[in-house]
Amino acid sequence: MSSNTVAEFATELKKSPATLLDQLKAAGVGKAALSDALTESDKQRLLAYLQASHGTTSVDRKKITLVKKSTSEIKQADATGKARTIQVEVRKKRTFVKRDDAQEGAADGAGSAAFAEPEHPAPAAQHDVPEAPAEQAQADAAPAADGAAPALSSEDQELARREEQARHQAELIRRQEAELAAKRAAREAREKREREAEERAAAYAAQEAEKKAAASAVKQVATREQAAEATARNAAQLQARAKAAAESKARSDEEAARAADLDARRRKAEAEAAAIRSMLATPKKAVMVAKKPEPPPKPVPKPAAAAGDAKKGTLHKPAVGATRTAAGAARAGAAAGAPGAGKEVKSAKLSSSWAGDPAKKKEIKTRGDSSGGVGRNNWRGGPRGRRGDSRDQRDEHLQAAPAETRIIEVHVPETITVAEVAHKMSIKASEVIKALMKMGQMVTINQPLDQDTAMIVVEELGHKAVVAALDDPEAFADDDVAQQSIEVLPRAPVVTVMGHVDHGKTSLLDYIRRAKVAASEAGGITQHIGAYHVQTPRGMVSFLDTPGHEAFTAMRARGAQATDIVILVVAADDGVMPQTREAIKHAKAAGVPIVVAITKADKPDANLDRVKQELIGEQVVPEDYGGDSPFVAVSSKTGQGIDALLEHVLLQADVMELKAPVDALAKGLVIEAQLDKGRGPVATVLVQSGTLKVGDVVLAGQTFGRVRAMLDENGRPAKTAGPSIPVEIQGLTEVPQAGDEFMVLTDERRAREIATYRAGRFRNTKLAKQQAAKLEHVFADMTAGEVKMLPIIVKADVQGSQEALAQSLLKLSTDEVKVQLVYAAVGAISESDINLAIASKAVVIGFNVRADAGARKLAEGNGVALHYYSIIYDAVDELRVAMSGMLAPEQREEIIGTAEIRTVFTASKIGTVAGSYITSGMVHRNARFRLLRANVVVHTGEVDSIKRLKDDVREVKEGFECGIKLKNYSDILEGDQLEFFDIKQIARTL
């Protein structure tokens, strides 16, 4: 087949068309495109060019070699039975030889050309030398030119390919058999080695048994010798331990002596430094002398110089006589030409930090001094011929040894003033200010510095800065309270009244105090912790009245922690209730004794035995039954059993022997806290030890302050408060947390540092918890459905009520509606609270507080809802109703009727219509339906329209026939049943 175009010729030659075009152009054949036609003459020119380029000019070729390559795949299973795909590549090479004319004539019945035997095909792993492009072109062009070479038959190709595949398969099988044989031989060798190892182990075990049997006799003999050696060795060890203990004691004594020596040297150096500072602080007077001739100075005796060398390097204040002698020697050494030499010169042995700069500091001008006292030792310092004095003075300064630099380890707290930094380094405050000015900070001597800045300044001045760990406040209190002898005296018991709501706790205290507190409580329930102390014939008793409502769990827990005795109030007509059980748990957790007061004993339906049995079930056993809890039946109206109750309380206190120091710094507990508009932060505290006085520095949690005023429970001013006395204090910087411990410190700066540290630590902990919660719930929030949020802002009158209300509201959260507490604080509602509510779209709740005029106006202008409550029940109930309105309504089905399809007909403009008979109830337009076929629901949809006697109707009742058109559904049959229902939305509640 002759090639007519360049592309066909390139395909026939199995060459790149671009390469063929380049070769054609080089051969002088002008072909520019692949579609250009090629003639036989063009092919001859290309062949001649290629032969010439490869060094062959003979056109007469006697032999042509054809190379053909084919690729195939075979699948063969290996030894494991897994099928493997093998790539097989077959290469064939055939050579065609052109015979001479004589040979053609001699050939008998032979063809015009004969081909040699095909060479063995090379497998894919062998590499054949590729034919040159010119030879390929010649191989393709020669048959075209001569027309005598026969084409390679396809049958021969297939036969050769199959032979090659068979050969490869046979080789693969032989290789696999060899591998299997090698593995089998290796396994047999391994098994043989294992058997030999087992035999050797058995032989070794037998030998060992024989050796052990032989050695057992030897061991019996050696045991006695070993016992003797052990006894001697133990004695040697005891001697070595005694020697080591003696050496250790000697070393410890030596270290103690060294430490004492260092301490003595340090105290001596500090005393010398203090003496020098006092000397330098004393103003000096210039010595004015008349200029008169003096005899030349005499050389200083050697013993004096030796004495001076002995004191070199130490800070010694010169004696008065020595100072005068030195001054006289200076005056004697200065001649008439050295004016001003009579001035008292500062000692060169002082520290360099106290030495003035002679080039900048002006000296006092004396008689005959024309230099103005400046640079008396420079080139203008005196007349000619007197340079020896300056040289002598310069030599004296050079010979004086510099003061030894002492590196101080400075402990830097959280905040420290400039003066304190200088004091810790024993330098002037001006040096610290100068160093800070070099760092770009303008500070004053009393300005506080942060820890990082102070440490940098200390390092800049050549000392070592160490972060001072903030001491434990308890350690501070112990340091302040610890005295040589603190006398402990008996104190009054602190009694907490606990029990269920409406069981008569406050009424019982009212009768004891002869007051009427219960009548003034909102709703008749206690919502704050009340603290009182009462004088009885047998002594004083302090009472804590805790709320009984379930929301005030934290208040009851604080009351149990601060108390000595718990009075458990149980109503005789009500028995043990949930808050009664909770109070018992708090008392047992605090480890305080319980005195049971069964109130309302005068009521007709009182059942004391039932109350006792219920309390026994809560592990509170009365004394009558062999327990340790006295039971007293009381009545707050008639006073029945009140004296017996107090008698039991005081008897229990006597048994406990309650004592506390009186003449000491006060410690106690914050019972309640609030923010008063006129008085500021106010805290009700219970003094547990020591005496609290007006003017004391108080540290309570994260707040501190100086006590400005104290009031007792009746509102009267008080100057002091001893142990077990509750008082109300003013003067704190912020409202403390209820339940915090308070203590009195002697240093206000220390109290400020501790409060600041606690606030920062609390803030960091809170932020860390919030971040952890965000990271923990981020995926849950992404996967969960949309949850409705109800943001609220809570402002209350006291800390305990705010805490209780916030916790109660947060407990109302569900999976669908959550309460988001934006802000909760103590005090009146301010404009900042309203602005926060506007930004967060929150509801503002005021508990026993009101909004000021500016806040009310701002709330009305921006539509912020303000809700005021005085009873915690009302706040919780109203918020529960609001959250119920945010819940998605419940979808509920209500069946309204059924119908039977008796006929089915089709209208041209309407479609399929079900002729139905209403068997029960009724059906109306747009009602929902279920299609039942053989009592199986096959479709649920909506009624499109209803017709009766060709008229559209809204509804059809039981016993009537009608035509019903179903919306988007027409697969209905006679005998089907239709069940009609409506979906009603039912409001949900929490």
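Cβ atoms are placed via backbone N, Cα and C, with glycine included.
Around the Cβ of A601 (GTP binding site), the same chain contributes A572, L608, A633, V634, S635, Q640, G641, each under 8 angstroms and 6 or more positions distant in sequence. Under the DSSP three-state reduction, A601 (GTP binding site) is assigned to coil, being neither helix nor strand. Taken from Swiss-Prot, the feature GTP binding site applies to 499-506, 545-549, 599-602.
Feature annotation from Swiss-Prot assigns compositional bias 'Basic and acidic residues' to 158-201 (among others).
As annotated by Swiss-Prot, compositional bias 'Basic and acidic residues' applies to 244-264 (among others). In terms of DSSP helix, strand and coil, the compositional bias 'Basic and acidic residues' (244-264) has 21 helix, 0 strand, 0 coil.
Swiss-Prot lists 358-368 (among others) with the feature compositional bias 'Basic and acidic residues'.
The annotation compositional bias 'Basic and acidic residues' is assigned in Swiss-Prot to 386-398 (among others).
Here Swiss-Prot flags 490-659 as domain 'tr-type G'.
Annotated region 'G1' per Swiss-Prot: 499-506, in sequence order, evidence recorded as similarity to another entry. Summarised as a single figure, the pLDDT of the region 'G1' (499-506) averages 77.
Among the features that Swiss-Prot reports, region 'G2' is placed at 524-528.
The region 'G3' annotation in Swiss-Prot covers 545-548 and is backed by similarity to another entry.
According to Swiss-Prot, the region 'G4' annotation covers 599-602, on the basis of similarity to another entry.
In the region 'G1' (499-506), helix, strand and coil residues by DSSP number 2 helix, 1 strand, 5 coil. Within 10 Å of the C-beta atom of K505 (GTP binding site) sit 30 other C-beta atoms, taking all shown protein chains into account.
There are 15 other CB atoms within 10 A of the CB of D502 (GTP binding site), with all protein chains counted.
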